Amino acid sequence: MGSELETAMETLINVFHAHSGKEGDKYKLSKKELKELLQTELSGFLDAQKDADAVDKVMKELDENGDGEVDFQEYVVLVAALTVACNNFFWENS
């Protein structure tokens, strides 16, 4: 068994690939796949967003190369940004 960090990294990879490739490129998330990932894995994030267009905005911000899909590198940017934003909350409540 790996360290906590190795396990966390493996989980991030597995979550991405569990949602990618259901339609189109198996190494990227379509808008529909990104929405499904956010709804199942980050439902608290979506619940906190009062904006009905939250997924569209997230997709636009993440899709750095403008191909209409989110690749693994772009997905990691989302996870890292959310982790930074949540750091104080989790640290203070642990």
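Every residue, even glycine, has its Cβ placed from backbone N, Cα and C.
Database features (Swiss-Prot):
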type    : residues     : note
MOD_RES : Gly2         : blocked amino end (Gly)
DOMAIN  : 13-48        : domain 'EF-hand 1'
BINDING : Lys28, Glu33 : Ca(2+) 1 binding site
DOMAIN  : 50-85        : domain 'EF-hand 2'
MOD_RES : Cys86        : S-nitrosocysteine
The residue listed as 'S-nitrosocysteine' and Lys28 (Ca(2+) 1 binding site), distance between Cα atoms, whole Å: 25
Determine, from DSSP, whether the residue listed as 'blocked amino end (Gly)' sits in helix, strand or coil. coil
Taking just the CA atoms, what is the gap between Cys86 (S-nitrosocysteine) and Gly2 (blocked amino end (Gly)) in Å? 24
Using DSSP, what is the helix/strand/coil residue split across the domain 'EF-hand 2' (50-85)? 23 helix, 2 strand, 11 coil
From the Cα of the residue listed as 'blocked amino end (Gly)' across to the Cα of Glu33 (Ca(2+) 1 binding site), what is the distance in angstrom? 29
Secondary structure split (DSSP) over the domain 'EF-hand 1' (13-48) reads 24 helix, 2 strand, 10 coil
Per DSSP (three-state), Cys86 (S-nitrosocysteine) is helix
Tell me the Cβ neighbour count for Cys86 (S-nitrosocysteine), meaning other Cβ atoms within 10 Å of its Cβ, over all protein chains shown. 12
Least crowded of the recorded positions Gly2, Glu33, counting other Cβ atoms within 10 Å of each Cβ, is Gly2
Around the Cβ of Lys28 (Ca(2+) 1 binding site), the count of other Cβ atoms that are within 10 Å: 21
